[in-house]
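The ATP binding site annotation in TrEMBL covers GLY41, VAL42, THR43, GLY44, SER45, GLY46, LYS47, THR48. The annotation compositional bias 'Low complexity' is assigned in TrEMBL to 640-652. Among the features that TrEMBL reports, domain 'Kinesin motor' is placed at 1-379. The region 'Disordered' annotation in TrEMBL covers 615-680, 741-778, 784-803.
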Amino acid sequence: QYSFKEVFGTLVAQKELFDVVAKPLVEDLVHGKNGLLFTYGVTGSGKTHTMTGSPGDGGLLPRCLDMIFNSIGPFQAKRFVFKLDEKNGVDVQCEVDALLERQKRDALPVPKTPAGKRQIDPEFANMINVQDHCKVEEVDEENVYSVFVSYIEIYNNYIYDLLEESPFDTIKPKWNNCNTPVRSGDFIPPQSRILREGQNHKMYVAGCTEVEVKSTEEAFEVFWRGQKKRRIANTQLNRESSRSHSVFIIKLAQAPLDADGDNVLQEKEHITLSQLSLVDLAGSERTYRTKAEGNRLREAGNINQSLMTLRTCIEVLRENQLYGTNKMIPYRDSKLTHLFKNYFDGEGKVRMIVCVNPKAEDYEESLQVMRFAEMTQEVEVARPVDKPLCGLTPGQRFRNQAFREELSRKLEMRGGPLNRETEEQSVSETLLKSFPPLPSCELLDINDDQTLPKLIEALEKRQILKQMLSEKFAKNVLSCKTLLQDLESSIVSKENYIQGKLSDKEKIIAGQKMELERLEKKNKTLEYKIEILEKTATIYEEDKRNLQQELESKSQKLQREASDKRRLEARLQGMVVETSMKWEKECERRVAAKQLEMQNKLWVKDEKLKQLKAIVTEPKTEKPERPSRERDREKPAQRSVSPSPVSNAPPVRLRHRRSRSAGERWVDHKPPSNLPTETVMQPQVPHAITVAAASEKALAKCDKYMLTHQELASDGEIETKLIKGDVFKTRGGGQAVQFTEIETLKQESPTGRKRRSSPSDPSPPDDAGDSEWTDVETRCSVAVEMRAGSTLGPGYQHHAQPK
């Protein structure tokens with residue numbers, strides 16, 4: 001977004017644009033002030049159209065010319081009364097010299113057509129046919145005016161005069177002294193002009209053609225003649241692209257008339273020369289878009305370089321004004337900026353029209369143009385000092401003319417002459433009529449003695465009256481002189497007093513101005529320092545915010561890492577504790593299983609040895625028949641023939657041997673659905689808490705857990721399983737059970753071979769040892785076999801089976 005003083009749309013009329021932008025500059029031109037108006041933008045954005053216009057709708061230039069001649073038309077001086085010198089000044093010629101100049105001009109081979117009968121070129125007739133009739137208000141009618149125009153172009157940083165008359169026709173072949181045609185390559189192009197500084201320190205183009213014009217049509221015809229010589233070319237972006245900066249300069253010379261209103265005052269200090277420059281800048285362009293090569297490429301480089309110099313000058317001027325610096329402004333780097341340096345130094349108003357093409361392809365260039373144009377608004381150009389226009393009192397010219405006309409009218413009514421001599425005679429006659437009348441001086445008789453005395457008396461009276469009038473006149477003159485001297489002395493004293501006061505005031509004002517300038521410089525310096533400090537503070541605040549954000553992010557990261565570390569430590573600690581406890585229990589279980597296995601082996605060996613000892617020491621008797629299962633149930637006491645496992649108390653020893661910790665407390669969980677068994681070996685757990693259902697209260701008091709489970713085996717017998725486990729405390733404060741062992745209690749009826757105890761049975765002698773072993777096996781039909789190892793750890797089963 002960019003801000004400007006005025007923004008016009010694509011459908012704006014040329015008149016509206018002229019009223020806002022160019023009309024104030026024309027008013028200043030008529031009032032003796034300078035002005036500069038230039039169009040700026042990328043190539044093909046409509047700069048030339050804005051300045052020149054189109055048929056039927058003239059642009060800014062023809063409207064400016066029309067407004068000038070509408071305002072000064074009745075007050076134009078005759079041609080060649082004003083004459084421009086070679087140092088950017090103007091002189092006033094007398095009427096005779098001006099007449100000679102006009103006669104010399106009329107004596108040219110091609111006579112000039114009078115302005116009233118001038119035939120307008122139809123090529124540009126519609127452009128200058130402006131129907132608005134705009135004019136400047138409050139034109140000084142006591143002055144006479146003359147308009148001079150010139151037209152130049154700045155091409156490749158060289159200045160060329162577009163109104164210069166070519167010394168020969170470039171179309172027809174040329175012949176040299178040897179009567180041979182000159183080659184086209186020998187054609188000498190127009191010479192470039194140089195810039196010079198005039199006596200008033202204003203830059204001007206030396207040797208430039210300046211034409212005096214008396215009408216809008218004549219001025220625009222001169223412009224159109226130079227426009228045809230302007231360099232244009234066809235590029236990829238514009239069919240008629242301007243390859244140079246064109247400058248159309250309008251100079252307005254004005255000077256007051258004398259008191260009679262007939263002749264122009266020829267004093268140089270009374271002449272005012274104002275100037276309005278209308279500049280059509282060439283458009284900035286990028287070569288990769290225009291596909292320029294050769295001369296076009298060199299032209300584009302020079303155009304962009306001059307526009308860049310203009311931008312640099314304005315930027316340095318802005319920096320000097322904002323920060324109170326005194327950097328040198330590079331006006332001389334380009335002819336364009338060097339020519340108009342006086343305007344930027346305060347010699348007149350400057351107006352810029354920014355032309356923008358809404359094409360998407362011109363987006364970046366348009367942004368650069370608008371950014372530069374917005375920045376130029378911050379540059380303050382010093383207001384030019386108003387130069388007083390010396391001349392008659394406003395309206396005095398017409399009052400003098402009205403007085404002369406009234407005097408002539410009264411003289412005509414009296415019938416007297418109308419020339420100045422008769423006017424003087426009439427004044428003397430009026431004065432003579434105030435004297436006494438003379439008597440008749442005619443002597444008719446020689447003896448007449450009355451006529452001469454009367455004449456003498458009348459002359460004496462006239463002499464006396466004359467003396468009286470002379471004395472009275474002398475007295476009046478003396479009194480008038482005295483009054484004038486008194487008045488002059490009083491005026492002088494008052495002037496001295498006023499001059500003293502003014503000098504004091506001027507000293508005070510000068511001191512105040514110096515103080516004001518010092519304070520302004522100090523203020524600018526402080527503003528510059530404040531701006532630097534604000535920028536530094538902004539940078540530091542930004543760094544502080546970034547560091548704070550970085551610190552917060554790192555602290556949050558550290559907190560997250562610490563929390564993750566704590567969670568990981570807690571998790572690892574829990575895993576270590578759990579793993580250590582698990583491995584401790586596993587080691588205990590394996591050690592207990594190994595011990596139990598060894599104890600079982602020792603016990604089995606001991607039992608076999610005891611049984612062998614008993615068999616060896618026992619006398620041989622008849623082998624009793626093994627009672628049937630039914631008789632065993634009816635008469636359980638008869639089973640005492642064979643050594644009972646109870647008598648040897650292996651289960652008791654086994655229980656005591658399997659007990660790993662006498663101080664452990666058990667939870668004996670016996671569901672109420674269990675049935676009592678009649679087995680000799682019954683589980684017995686000391687210091688156990690017997691419950692029908694597991695409860696957290698009971699588990700909290702114990703370290704071990706045992707569940708008694710009954711199920712029906714495949715042979716129809718009841719099988720009792722003792723499922724044992726360890727009780728752990730959970731992290732949530734509850735209790736958990738990890739099962740480690742299973743013991744199985746199972747009862748079976750012996751269905752194997754019967755015991756052979758009768759010695760009368762025939763048997764070969766080879767089978768004697770075998771029968772003895774069979775008797776032993778029959779006796780020990782109920783035995784204990786320990787089975788170590790299972791999927792849940794070491795376990796054992798108690799069961800009876802035939803051997």
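Yeah, the Cβs are placed from backbone N, Cα and C, and that goes for glycine too.
Within 10 Å of the C-beta atom of GLY44 (ATP binding site) sit 22 other C-beta atoms, taking all shown protein chains into account.
The number of other Cβ atoms within 10 Å of the Cβ belonging to THR48 (ATP binding site), over all protein chains shown, comes to 24. Take the CB of LYS47 (ATP binding site) and look out to 10 A: across all protein chains shown you find 24 other CB atoms. The Cβ of GLY46 has fewer other Cβ atoms within 10 Å than any other of the binding-site residues GLY41, GLY46.
With a 10 A radius on its CB, THR43 (ATP binding site) counts 24 other CB atoms from all the protein chains. The number of other Cβ atoms within 10 Å of the Cβ belonging to SER45 (ATP binding site), over all protein chains shown, comes to 25.
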